[in-house]
Amino acid sequence: MKNQITNALSDFFFEYETPRQVLVRNRRVGVVCRIIQLGVLAYIIGWVFIYEKGYQSTDVAVSSVYTKMKGVGYTSINGTERVWDVADYVFPSQGDASFVVMTNYIITEGQKMGKCPELHGKHNCSSNADCEGGSFKRQMTGVCVDETKTCQVLAWCPVEDDLVIPDPPMLMSAENYTLFIKNSVTFPLFGVSRSNLVEGIDAGYISKCLYHPEDAPLCPIFRLGDIVKLSGFNFETIATVGGAIGIVVDWTCNFDVSVKHCKPKYTFHGLYGNPAETDKARASVGYNFRYAKHYMEDRYQKRTLMKVFGIRFDIIVQSLARKFDIIPTLTAIGSGVGIFGVATVVCDLVLLYLLPKRAFYKNMKFKYTDTHAQDPDSEACSTETEASKK
């Protein structure tokens, strides 16, 4: 028993096994093998290392965005002049990565809670029976107003008339407003922080620059009209009914070179559809919302209702940084070497199952040993046969 254990340990530590190899001189198999190996090599070099950059580790940035609008608008309605500044046309307050710039509006002044007739076409009537109390969008009183032939409602009166949207938009001057974007990103894996105010973007440059995709691609100040145009919209159309635009700040960086080469790239695209499209089946084209300013007059609470049409801007930051790392490099090389085994498997299948001399190749590849049950411990009782049938 002791000798058996000793022999087993000796065999385990001091013997080496290697697979048997057979050199086959066959043009077809050789060509197939080399084609597969070249394909695997092209995949490893072209796809894994060059395209997918499998030798680098990746990281996504933590981002912060600050925005600031500048510009003044002017309107003159029925002889009433008004100047609109940033506090009037930007919602919500300055600084968010998502905000709305008002470009058109419908104003209903002097509303107070009471009873008044509904707009013509909203809910017409010929008698009180046509006005079911307590129903409809507003609270109906069940009374049909003879003068207007519409149902009476309990609401903020006079009711808002939004059937006709001002065209051209009231604030076409918004086309010349400017937007300043300040963005900072941090790649925690690599310990690198960057800002879109890169080297060369100083106070003097910012005071006179305006973004242009070719002439000034790093300028952080954007004209609204240019943003809309680069997004594929017509400014007057989108300003009339509103819309939504995404401003993408793309940080794609390679930290194997100098960090100074890590710079943002700005792109623009429409969100939620284009109001210029004529597909009537599409729902909710445009962008609008309402807000009210309440005040007291003669001890009555009143309000001024604004239906705002505007352009919503969403600042979207996307990032991907890469840097050489030995771990993914070795992993990519190891997986690539493993794929080379595909050539061996395919060639073995061709040799053993497809070629006319498959029986000969099978006998050359495999070694058959018969062990007699009478004396299992004796090497003399095992015979090795290698058939050489052709």
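Even glycines carry a Cβ here, placed using N, Cα and C.
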Of K263, K265, K307, residue recorded by TrEMBL at the ATP site of K68, M69, K70, T178, N288, F289, R290: K307
Disulfide-linked residue for C151, taking TrEMBL as the record, within C116, C131: C131
Bond partner of C116 - disulfide, per TrEMBL - picked from C33, C157, C209: C157
C144: disulphide-linked cysteine among C125, C209 [source: TrEMBL]: C125
Per DSSP, three-state class assigned to N176 (N-linked glycosylation site): helix
Candidates C144, N176, C209, C253, namely the recorded positions, that fall within 10 Å of K70 (ATP binding site) by Cα distance: N176
Alpha-carbon spacing, C151 (disulfide bond) to N288 (ATP binding site), which is rounded to whole Å: 27
Greatest inter-residue Cα distance in Å for the ATP-binding set K68, M69, K70, T178, N288, F289, R290, K307: 24
From K68, C131, C157, N176, T178, K307: recorded positions whose CA lies within 10 A of C125 (disulfide bond): C131
